[in-house]
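Novice: For reference, Swiss-Prot lists these features for the protein:
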BINDING   His83, His182  heme b b562 binding site
BINDING   His97, His196  heme b b566 binding site
BINDING   His201  ubiquinone binding site
TRANSMEM  33-53  transmembrane segment
TRANSMEM  77-98  transmembrane segment
TRANSMEM  113-133  transmembrane segment
TRANSMEM  178-198  transmembrane segment
TRANSMEM  226-246  transmembrane segment
TRANSMEM  288-308  transmembrane segment
TRANSMEM  320-340  transmembrane segment
TRANSMEM  347-367  transmembrane segment
Amino acid sequence: MTNIRKTHPLLKIVNHSLIDLPAPSNISAWWNFGSLLGLCLVIQIFTGLFLAMHYTSDTMTAFSSATHICRDVNHGWLIRYLHANGASMFFICLYMHVGRGIYYGSYTYSETWNIGILLLFTVMATAFMGYVLPWGQMSLWGATVITNLLSAIPYIGTSLVEWIWGGFSVDKATLTRFFAFHFILPFIIAALAMVHLLFLHETGSNNPSGIPSDSDKIPFHPYYTIKDTLGFLMLTMLLLLLALFTPDLLGDPDNYSPANPLNTPPHIKPEWYFLFAYAILRSIPNKLGGVLALVMSILVLAVIPLLHTSKQRSMMFRPLSQALFWILVADLMTLTWIGGQPVEHPFITIGQVASILYFALILILMPLAGLIENKILKW
């Protein structure tokens, strides 16, 4: 008798994606981050659902409802901190996942890569709107500053901002709609993730060598289900360590003060995972230019497949490209640090140099390195 998982219409799909899926035999721990992102999304949806049961999206009661969750709801403090730090874990996994894609040339699967960029934008939008919900000082002022950037769009800018706000400032209407969007977007992310996987399974996974692995495939289960489970345990442990021992390590103390439109915080800054983009935005002294640079800092990922000049797919055997890749990582860390600093000397200059280097590395230096490596290998 044929196994039910191979014949049942629904189980057949699960079987082809998670059990009998042919996978390369040599994929390293860098290939774990996709499943870890799936776990993060599930954690965020469940903790978010329980938070939404007790949260009220009204400017008068939002802050106190968040406090009420921490003080009066059974394990409410844990649910809230798992959700807040779960977002940080989500972005750590996201950046590692994208970094892996760049290093090993996974971006040559252009459909998968482009859906991935769309997912990145959607997750960033969701996280931004979630940060507004507790209605602390940084929630209000972060929302005001970031939404105000749209006013740089010529002609329609001001009208667009007021349309998003639902008034003439970030107020009750804004908070209510942000809550609605923050609730629906994770489900859109889940749907996009399925499309992401659909495109990936059309081609099969890449592997560290960048060489086609059709001649050497192994079943996903049990080999990679066990490997993913180890990743799940490590991620869960790290998240629990964060949530139970240092829940406010990655947050901003200003967000424990209720939102006050009459009092501006000394340093308005987003959560740590947006600081690199925020630093790029601030490094350009023109509003529209800054907004374009901000969008391009993520959208630049879309041109990476077009600028692949090397005859090899992966960077595994390309020392010159490897060096540039790790300089890019260091540059992003520098930008993250600068984004959290006040706008004064020497931080302004460091931010500008790091921003120029970021775009130069991706658009000029890395494609150039590919050509040089081809030349050295006489290809």
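Note that the numbers count up from 1, one per residue, in the order the chain is shown.
Backbone N, Cα and C atoms are what each Cβ position is placed from, and that goes for glycine too.
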Novice: Return the member of His97, His196, His201 nearest to His83 (heme b b562 binding site) in space, with distance defined Cα to Cα and candidates limited to these binding-site residues.
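Specialist: With Cα distances computed to His83 (heme b b562 binding site), the winner among His97, His196, His201 is His97.
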Novice: Applying the under-8 angstroms CB criterion, which one of 77-98, 113-133, 226-246, 288-308, 320-340 scores highest with the transmembrane segment (347-367)?
Specialist: 320-340
Novice: Check each residue in the chain of the residue listed as 'ubiquinone binding site' that is at least six apart in sequence and keep those whose C-beta is under 8 Å from its C-beta; list them in sequence order.
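Specialist: Expected: His16, Ser17, Leu21.
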Novice: Measuring Cα to Cα, how many Å separate His97 (heme b b566 binding site) from His182 (heme b b562 binding site)?
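Specialist: Given the Cα positions, His97 (heme b b566 binding site) is 23 Å from His182 (heme b b562 binding site).
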Novice: Using a Cβ-Cβ cut-off of under 8 Å, list the residues of the same chain that are 6+ residues beyond the ends of the transmembrane segment (113-133) and lie near it.
Specialist: 48, 55, 57, 62, 66, 87, 90-91, 94, 97-98, 101, 106-107, 139-140, 142-143, 146, 170, 174-175, 178-179, 181-182, 185-186, 188-189, 192-193, 195-196, 199, 270-271, 273-274, 298-299, 301-302, 304-305
Novice: What same-chain residues, at least 6 away in sequence, bring their CB to under 8 Å of the CB of His196 (heme b b566 binding site)?
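Specialist: For His196 (heme b b566 binding site), the qualifying residues are Thr112, Ile115, Gly116, Leu119.
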Novice: Near the transmembrane segment (33-53), which residues from the same chain, at least 6 beyond its ends, have a CB less than 8 A from one of its CBs?
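Specialist: 69, 79-80, 82-83, 86-87, 89-90, 93-94, 96-97, 100, 130, 182-183, 186-187, 189-190, 193, 228, 231-232, 235-236, 239.
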Novice: Take the Cβ of His97 (heme b b566 binding site) and count every other Cβ within 10 Å, whichever protein chain it belongs to.
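Specialist: Taking all protein chains shown, His97 (heme b b566 binding site) has 20 Cβ neighbours within 10 Å.
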